[in-house]
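J.: Take this structure first; my questions come after.
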Amino acid sequence: MNRTAPMKQRSVPLSSIMPSEEQSDGFIDLDRLVAAVFRRARLVAAFVVLFIALGAAYLLFATPYYTSMTQILLDENLSKYAEEEPTPVNSQMLDTQIASAVEILKSGELALRVVDKLKLSENDTILNPPRSPVDMVKEWLKTATGLFSGGPDVTEEAARNGRRQKAAAIIQQSLAVERVSRSSVVAVAFRSSDPLLAATIARGYASAYLTDQLNANFEATERASVWLQERLTDLQQRSQAAALEVAHFRAENGLTAARGELMSEQQMADLNSQLIVAQADTASASARYDQYKSIVDQGPENAVKNATISSKEGDNSVIRDLRTRYLTVGKREREVSDNFGADHPQAVSLRAEQEDVARQIYQELQQLTASYKNEYEVAQSREESLRKSIQGIAGKTSDASEQLVQLRELEQKAAALKTLYESYLGRYEQATQQQSFPIAKARVISEAGVPVSPSSPKKTMTLALSAVLGMMVGGAYAAFLEFRERTFRLEGNIRSILGHRSLGYVPLLGTRMKKKAQLVHAHFGSVKRHDEAVDDTMPFQRLSRIVVDAPRSTFAETFRNAKLACDQMLAGSESRVIAIASALPDEGKSIIAANFAALLAASGKRTLLIDADIRKPGLTQMITPAPRTGLVETLIGEASWPAGIKVDQRTKLAILPAGGASHQRHQSNELLASPAMANLIENARNAFDYVVVDLAALAPVVDAKAFAPLADGILFVVEWGRTPSRLVRDLLHSEPLINSKVLGVILNKTDMNELGKYSDFDGAEKYRHRYGKYYVENTITENTAA
């Protein structure tokens, strides 16, 4: 019994010497993006076809609707010859008028007028239009609710009014009113399943709107005329009474004078005019004085900076010249300081000159301030003098003017009443004239015609939108699938995620063969020649001999690569115990174990295949549904292990099944970790060159962990495109012993037709079609067909 310890070099993860995909590039990989697009193109195309089919179904069952449109121009010029002074219209008023017109056209009152004029309350097309399935359900629910709730009897008049209101509500829903761009045109469109009815109602709306405008103008003018006539009668009586009162007051007080006023009043008027001028001069002088005083009060430096002098003043030329010189010197000083430094002699000289000019400007400002102060005091004195003169004259004429004031009050009252009367008289005559001009400020510029083609649904647009929507939904779903891709697709995924060696791809087998493998069992014991026909009742032999029947296939090449990896990494061991494990059930590890063992046996090596998946013995079920003895009976001491071995006469493969029906009563993990199991493995090492053990899945049970110390190496099986990568990574990282004994990972059930779609353009999977001269894939189908 010579046994060499497993080489520790296999426990070194490949991730330590190979960069991961996440570390390779932080930018968007265009190759992967294009590959994803091509990979999901069929899915997106299927969604596009589906949505186009839905769009076509919608077009097939949808009710066609026709739209007829009329255009109304709101033109103020239509009534300008009927108005003496047309009101000018600005853009804001125009927007308001058009908005008001749109709301009037949408109003329920105008809809009722259209219903009454066209008798739409008796039109079945309006009251009972074609309904969608949703509308039919709503109508059914409404009817059912009405049956249970009941209600008072409806009179014929109420029913007629209800139909009228319903027709108005329906045409309001089918009406579309909008302004045409920024023009004064309003477009009125009506939508109906009957093209002739659509044109009729659109015309009816235009006619009803024009009639409404005429009626509104006439009614407003009539109401204004009645009110103006009442006001005119009252104003006429009051104006006559005021005129008589003025005449009587003049005659009683003898108030007659030239130009209708006293001399003292004329003098008072002249003085008042002079006082107004003097007040203006005083205010102007005060403003100038305050301006210069505020500048001077700021000090020399700020006064120079803030000395803003009006160009209309004649005494500021000196200040302007000095200020110009100040700015010029300051500019030169900054240039010299920037070029030669602030301590340069010329810069110092220029700053001194600038300060001197500032002092001169300040002195000039002080002189101007004193001058304007004198002007302000003179103007103030003149204003005070005029006030005193006015007060003196006012005292002399106060007695005479008291009666004149009363007279003027009477005259003003009479004049105001006369002016008001004349104004109302003119408005009354204008309103009377407008009643005889029935002109609306709108006209129809485009008559509604009968549409010849439906406006909805639009076939081309519907199908195009369906295609776009299908592309968007399909693209979103494809992107979701791509972002949710968390499985193993490529050998590079094995290296980057798990840090282990990938042993290759095992192609996906036909479903017909696997279904038979679950329904019937194989028969052993008789030796058959290689050229004999394989019976349909032996699917296990077919599945387990694929590697033998198709030696030049991709399937067989993967197992040869696995054998080579085992021989290299377990070199020095005369007998090797190799476990076959997976993370989840139904990943095909039993078929992998059977073919791997068959390859070893066919190569002339003494090989034992043990089904150690005691809880779910898939390998045993394929061999014989109810074996009498097996692994469990051996471990509990009921039988010896050679008694339970089955031998494949073709490959000379020895197979030890899981056991009989009683194996479910025992704790599988305790059996696999028992001394009896260790003794069995030791005995098997002495009798066989290779011992291949089919273990239970690693995630659901601990059986694989219990057996791991007895294995020299582990071949890990993952299902292509289904096994979650994070699950496998976490399981292996949480079990260092198992992880250290993993010889490599096999990607099982690989769809070889889809494999290249998941690879980069420079990936090895893209060039597998060039390996055809080395492989003969059709032998798998020929030699394993039923």
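Glycine is no exception: its Cβ is also placed from the backbone N, Cα and C atoms.
So Swiss-Prot lists the following for this protein:
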{"type": "BINDING", "residues": "A583, L584, P585, D586, E587, G588, K589, S590", "note": "ATP binding site"}
{"type": "TOPO_DOM", "residues": "1-42", "note": "topological domain 'Cytoplasmic'"}
{"type": "TOPO_DOM", "residues": "67-689", "note": "topological domain 'Periplasmic'"}
{"type": "TOPO_DOM", "residues": "712-786", "note": "topological domain 'Cytoplasmic'"}
{"type": "TRANSMEM", "residues": "43-66", "note": "transmembrane segment"}
{"type": "TRANSMEM", "residues": "690-711", "note": "transmembrane segment"}
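Can you tell me where each of these features sits in the structure?
T.: Contacts of G588 (ATP binding site) defined by a Cβ separation under 8 A and a same-chain sequence distance of 6+ are given as V506, S582, V717, E719, N748, K749, in order along the sequence.
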J.: Within 10 Å of each Cβ, count the other Cβ atoms and name the one among the binding-site residues D586, E587 with the highest count.
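T.: Highest number of other Cβ atoms within 10 Å: E587.
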J.: Quick check: with A583, L584, P585, D586, E587, G588, K589, S590 left out, which same-chain residues have Cβ atoms within 8 Å of the centroid of the ATP site Cβ atoms?
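T.: My list of surrounding residues reads S582, A697, V717, E719, N748.
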J.: Reduce the DSSP letter at S590 (ATP binding site) to three states and note it down.
T.: helix
J.: Just to be sure I understand the packing, how many Cβ atoms besides its own are within 10 Å of the Cβ of S590 (ATP binding site)?
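T.: Result for S590 (ATP binding site): 27 other Cβ atoms within 10 Å.
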J.: When the number of other CB atoms within 10 A of each residue's CB is tallied over all shown chains, which of the binding-site residues A583, L584 has the maximum?
T.: A583
J.: For P585 (ATP binding site), what is the secondary structure by DSSP, using just helix, strand and coil?
T.: coil
J.: Can you tell which of P585, K589 has the least company, meaning the fewest other C-beta atoms within 10 angstroms of its C-beta, among these binding-site residues?
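T.: Per-residue Cβ counts within 10 Å for the binding-site residues P585, K589 bottom out at P585.
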